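Here's the structure, in structure tokens; my notes come after.
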């Protein structure tokens, strides 16, 4: 599954990035506790103690909210940068099959992401015991949830890297996939509201039922987990990014194993994706710019002009992104 020779090669190739990722992920959680404690001590120095509370609340934005970033960087270094630099062909020429190569890259990154954050969780837990704050909110839920979400982000970018031929394409594809459910649902609904002059929530029994459905659908959008609003919901909500992680892993594994490497430098390794994706980009451009044009002046003329601009912009962006090969 994971070959030791490949593991050593990945370690030597990406040693600095791996060590920096480990350092950040290990320290992020305990540093959040230390920062809260120092803020409390600063309050005691400036004000009466009765106005100072030592409360650790993970629902307030803190450093671990960006723990997904190292996972993205690792995935780009493991696949996108290898393709952009032209070293992927050398790796594929080694006496290992593609399954071993992908599994080694994927599980090395996964191991770094999960184990580093578990160590950080343990250190933060020890600091809480030492500092003994008055209240601690969402510590376990947030710490474990961030591990799941950062692993999902890593899996998503790895899947994008297995489909694409350079680092830029990998990042753009990953970002597009992260917002794709929103684009598929929200843009058509918004345009229907403009065309028919009605609000979609009016067909629901109550505004509450509409907003409840919208909230539930947003849980299917990977990028929605970047902010920590999921903390106030059920802990079982984290099953969704966990399932997404496995789905992205399967997509990445199958794509890396089956797709040709001869198209390194191109946007997609599988050229049959070029045209459908270009059409999709143009459609999203038309719908998105159309809405922007309409809401700028609340006029149909603005809506039509926006759609025209969106079609042109979508065509050129997709053409120069997808059909122009990046030099490797």
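Backbone N, Cα and C define each Cβ position, glycine as well.
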Can you dig out which of the ranges 144-164, 207-227 Swiss-Prot describes as transmembrane segment?
144-164
The transmembrane segment (300-320) touching the transmembrane segment (16-36) per 3+ Cβ pairs under 8 Å rule
no
Are the transmembrane segment (60-80) and the transmembrane segment (144-164) close, by which I mean at least 3 Cβ pairs under 8 Å that are 6+ residues apart in sequence?
yes
What residues elsewhere in the chain lie close to the transmembrane segment (110-130), defined as a C-beta under 8 angstroms and at least 6 residues from its ends?
18, 21-22, 25-30, 32-34, 37, 56, 64, 67, 70-71, 74, 136, 139, 143-144, 146-147, 150-151, 154-155
